[in-house]
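Trainee: Straight out of TrEMBL:
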DOMAIN    108-369  domain 'ComEC/Rec2-related protein'
TRANSMEM  132-152  transmembrane segment
TRANSMEM  164-180  transmembrane segment
TRANSMEM  230-247  transmembrane segment
TRANSMEM  259-282  transmembrane segment
TRANSMEM  288-309  transmembrane segment
TRANSMEM  329-348  transmembrane segment
TRANSMEM  354-370  transmembrane segment
Amino acid sequence: KDNIVLSSYEKTNKKGKKYQVLKLKNSDFIFYTTSFKDLNLSKNDVINLRIITKNINFKDYLSKSFYAPSYDFNKTKTQKENTLIRYFLNQHHNEKVKEFYGALFFAKNVSSELRNDVNFYNIAHLIAISGYHLGLLFSFCFLIFAPLYAFFHKRYFPYRSLKLDISIFAFSLLIFYIFLIDFSPSYTRALLMSLFAFYLFSKNIKIFSFKFLFLSITFCISIFPKLLFSVGFLFSILGVFYIYLYLHHFKDQFSNFTHVFLLNIWTFLAMIIPVLYFFPLLSFQQFLAIPLSLAFIIFYPLVLILHIFSYGNLLDLYFMHFFEFKMHAINLSIPFVFYFIYLILSLIAIFNKYLALFVVSLGLIPFIFLI
């Protein structure tokens with residue numbers, strides 16, 4: 001009852017018969033189903049239906065995401081978007097650009113077409129709301145509210161810690177945000193990890209350690225068991241792990257300015273094989289992810305401000321051309337054995353700097369197949 005249509009697209013089976021794939025969400029779980037009838041459904045439509053639960057196992061139930069055959073469809077109404085979400089997205093007329101900003105700001109589902117465009121640039125980590133975005137939003141809060149709060153702080157309560165008060169206020173906004181984006185797995189991991197880190201930091205406990213990462217992962221899964229089966233959560237963990245691996249071996253060897261560039265290259269190469277295992281698209285165009293990740297530091301707060309003041313559509317034309325650009329690409333599947341060995345070597349690399357360099361350099365090998 002009251003299942004919201006998150007996405008709907010058409011596919012063709014081996015017999016050439018077309019059918020509709022629906023991704024639905026209700027108060028308990030998200031699930032996929034199919035129909036050979038033309039249901040004429042759109043995103044945010046609300047439908048009632050019956051599902052066949054015979055093949056749903058415990059893993060499916062725990063993950064809160066599964067496939068189930070269904071019947072007896074009945075459209076009831078269309079779900080209205082949150083006022084804030086409508087305000088942001090109604091500034092755009094192009095559906096693909098609207099999808100892009102919906103994913104960027106509100107963790108909305110994207111079409112297979114936009115997902116393919118994003119994979120060409122290997123910038124899924126910039127679109128999926130995660131720790132990168134949380135860090136920028138936290139910094140943005142400090143930049144905006146610290147000068148204003150400092151005025152009152154000096155005059156009325158100088159005995160309080162300005163940084164602590166602004167941090168608590170910023171985290172309050174970030175906690176509100178997690179409800180707005182419906183507990184996106186990667187953002188959930190980032191927020192819980194940040195809150196845990198904030199607590200440890202206030203107690204003068206070291207937070208840049210693999211022990212902290214392991215405790216944070218355990219903490220997240222204990223609260224939200226479904227994260228155990230989330231690819232987005234896995235990518236989020238791996239991204240943080242490889243950042244920690246870099247800092248563990250090289251944090252004292254370069255300047256902060258150099259670290260910014262090297263860390264982006266390091267993380268890009270380290271994530272190539274895990275990403276290819278799940279999404280086998282490969283192109284030299286994906287190297288653009290390195291400068292784009294750096295540019296995102298300016299881009300994200302810029303487009304946020306533009307949307308706040310109703311100028312969110314200023315860059316729409318450029319984005320339409322941006323997504324149209326395509327270089328030669330191939331589908332390269334990574335066998336599970338190779339993927340598993342890669343993860344094991346990554347863990348062992350904690351103890352050896354040269355092994356860490358070797359593991360990350362393996363990310364270059366798939367690109368040989370493009371030559």
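Glycine is treated like the rest: Cβ placed from N, Cα and C.
All TrEMBL annotations are machine predictions without curation.
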Trainee: Tell me whether the transmembrane segment (259-282) sits in contact with the transmembrane segment (354-370), defined here as at least 3 Cβ pairs under 8 Å among residues 6 or more apart in sequence.
Mentor: yes
Trainee: For the transmembrane segment (288-309), which recorded stretch in the set 132-152, 164-180, 230-247 gives the largest number of Cβ pairs separated by under 8 Å?
Mentor: 132-152
Trainee: Checking distant contacts: for the transmembrane segment (329-348), what same-chain residues at least six beyond its ends satisfy Cβ-Cβ under 8 A?
Mentor: 120, 241-242, 245, 270, 273-274, 276-277, 280-283, 285, 355, 358-359, 362, 366, 369-370
Trainee: Are there residues at least 6 beyond the ends of the transmembrane segment (164-180) whose Cβ is under 8 Å from a Cβ of it, and what are they?
Mentor: 82, 84-85, 106, 134, 137-138, 141-142, 145-146, 149, 153, 187-188, 191, 194-195, 198, 202
Trainee: Taking a Cβ cut-off under 8 Å, which residues six or more beyond the ends of the transmembrane segment (230-247) line up next to it in the same chain?
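Mentor: Sequence-remote neighbours of the transmembrane segment (230-247) are 63, 124-125, 128, 130-131, 184-186, 188-190, 193, 208-210, 213, 217, 220, 262-263, 266-267, 270-271, 274-275, 278, 346, 349-350, 356, 360.
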